[in-house]
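Database features (TrEMBL):
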{"type": "COMPBIAS", "residues": "52-71", "note": "compositional bias 'Low complexity'"}
{"type": "COMPBIAS", "residues": "77-96", "note": "compositional bias 'Basic and acidic residues'"}
{"type": "REGION", "residues": "1-103", "note": "region 'Disordered'"}
{"type": "TRANSMEM", "residues": "119-137", "note": "transmembrane segment"}
{"type": "TRANSMEM", "residues": "149-172", "note": "transmembrane segment"}
{"type": "TRANSMEM", "residues": "507-526", "note": "transmembrane segment"}
{"type": "TRANSMEM", "residues": "532-553", "note": "transmembrane segment"}
{"type": "TRANSMEM", "residues": "560-582", "note": "transmembrane segment"}
{"type": "TRANSMEM", "residues": "602-623", "note": "transmembrane segment"}
{"type": "TRANSMEM", "residues": "643-664", "note": "transmembrane segment"}
Amino acid sequence: MMDPRVQGPGIFYNTQGYRCPSAPPVPPLLPASKLTLCSPPKEDPGPLAQLSPDVSPSSRPRPRISSNRPPALGQQRDSESSQQARREARRTHSDETGVCDVPKPSPAARHCSGLARRVLTIAFALLILGLMTWAYAAGVPLASDRYGLLAFGLYGAFLSVHLVAQSLFAYLEHRRVAAAAARRAAAGGPPDAATARSVALTISAYQEDPAYLRQCLVSARALVYPRARLRILMVVDGNRAEDLYMVDMFREVFADEDPATYVWESNYHQPWEPAAAGAAGEGAYREVEAEDPGRLAVEALVRTRRCVCVAQRWGGKREVMYTAFKALGDSVDYVQVCDSDTRLDPVALLELVQVLDEDPRVGAVGGDVRILNPLDSWVSFLSSLRYWVAFNVERACQSYFHCVSCISGPLGLYRNNLLQQFLEAWYNQKFLGTHCTFGDDRHLTNRMLSMGYATKYTSRSRCYSETPSSFLRWLSQQTRWSKSYFREWLYNALWWHRHHAWMTYEAVVSGLFPFFVAATVLRLFYAGRPWALLWVLLCVQGVALAKAAFAAWLRGCPRLLLLSLYAPLYMGGLLPAKFLALATMSQSGWGTSGRRRLAANYVPVLPLALWALLLLGGLVRSVVHEARADWSGASRAAEARHLAAGAGAYVGYWAIMLTLYWVWVRRLCRRRAGGYRVQV
């Protein structure tokens, strides 16, 4: 009797999970020779290649085999001419690629070089930390008015220079990406190697909204890439009856692609029995046997069919991703990750592949993630603006130095031979003795960085992903992301020495920034000087408006000016969520509910309430203190004038911005989208 869990013609299994004798043989998707065509080197690049951007694994000279027999005269001339030709070829290759053929250093030299870089990196990080702390604590004024009311300090100057430098490097990276695209266009399109790689698109699904899931599958089907070199694998986190609608939709969308679907009663890992769990630890698990019928069935389907959907026992997103990576093995060159709420641009995959093909030192590349539902609410709209700046300014700047800190789950591409090397270590990650089940994408990126490979970002690869439209669900998402950020910050610090100094600098600055902001807000609310508080709020909105203006110019979209409205959302919502994340870093879970269910987790609201009470108490104290103060002096009179003018400017700013939001977005954009069915 055939196993009813196996769907799709061409492959048959019995109830034990083995191929039936009557089943016709299924040819592999690609010959083995083509699957490994031009694959990146599998050897460890070594400390020198990891430390120096000018040396890659592919640039190492191969050992030459010499003979003791002296060559004949003619042979000697040929040998000398051939050696000269080889030297000229190496010189030409060096000029074109910037990679030089240099002798491999000794282990002692590599050890000394690595130790020196570690020491210098630690010293550099401590220097940045010390300078930031001193500039903040000392409060050295660089410019001030007569009464010290309009002051600009050293710490503010430091942050301003940081924003200018970040914007400059982001602009240079966009110019570099545009120049590379122009060269490819002048050469007549993508090179043959760009489509010679075999790629597996892996989709992680969990209680997805049917409308979003259908868009994701349809966009995957429409990807511009040779069908013979592209596999599509969706893994569903859940095998109950309420989860199988996703399997049915996959079968429906790929009906003419001969899809195969499989409902797995287990997954790659099983919990220990209660008798053995005590010795192994709480929540311990073990990998299923290699001869497990379900495992054999899944791996056979994944490695022989082009379109496969697997629904497995619930285990979290990391378990879903592990199933896809493990089942694929080394059968493909590249692995693309994607979430089930993501709509891919048709050329998204092709653009990612070109980045990896152009430089063997790049281990992973991410694309531009935009918001699929920006008009659902004010939360989703501000998130859409924040997403654009996070990718096209912050990560573009990181990409300029080849050290993108996170390849996002909706759109990322990895070298499979490298991914398979750290797959088990990635899955078995623990923090404070607890198995990590969130922060999967950031830890994947950190594992790639730990091997010394670069990570890049390209704005030419694009996708659209769903974002929470309710404040509560957005808060839960941000809390989960903050947990993984702080945890991965500690892991990432171990590998700063293998990459550009900008990676160290930015990690220190971004890691300390929330604490300095919280300290500043509390100090000002309890200082008893309303003008000092108002002055800082004006500066915050001014910096936010300047950053929004640069983003609007870079994209050519005036709507990005409304990004300055995100500052209160950060100060009032995201900032306390970060401290909750610090306190609950060891707790696991997806962190957000499936999109078919309403979010009912009110825990993230507690730190917001506490934060609001702290600020309210400080504000009341300041008002009472100022009401009892003597305002008859010249400095106090000047402060009163500044306070009135500043309050008027602040209220006017918000009145203008909220009016623009209401007219520009809530009315015009909604009317246009409803009348013309414009898909964002």
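Cβ coordinates come from backbone N, Cα and C, glycine included.
All TrEMBL annotations are machine predictions without curation.
Using a Cβ-Cβ cut-off under 8 Å and counting only residues 6 or more beyond its ends in the same chain, the transmembrane segment (643-664) has close neighbours at 378, 381, 530-531, 534-535, 537-538, 541, 559, 561-562, 564-565. In this chain, the transmembrane segment (507-526) lies in contact with the transmembrane segment (602-623); the count of Cβ pairs under 8 Å, excluding pairs fewer than 6 apart in sequence, is at least 3. At the 8 Å Cβ threshold, with sequence separation of at least 6, the transmembrane segment (119-137) lacks contact with the transmembrane segment (532-553), having fewer than 3 such pairs. Sequence-distant contacts of the transmembrane segment (532-553), counting only residues of its own chain at least 6 positions beyond either end whose CB sits under 8 Å from a CB of the stretch, comprise 149-151, 156, 159-160, 163, 167, 385, 388-389, 392-393, 520, 524-525, 559-564, 566-567, 571, 622, 642-643, 646-647, 649-650, 653. Same-chain residues lying 6+ beyond the ends of the transmembrane segment (507-526) with a Cβ under 8 Å from its Cβ atoms: 125, 128-129, 132-133, 136, 155, 162, 405, 486, 489, 492-493, 496, 532-533, 536, 571, 575, 578-579, 614-615, 618-619, 621-622.
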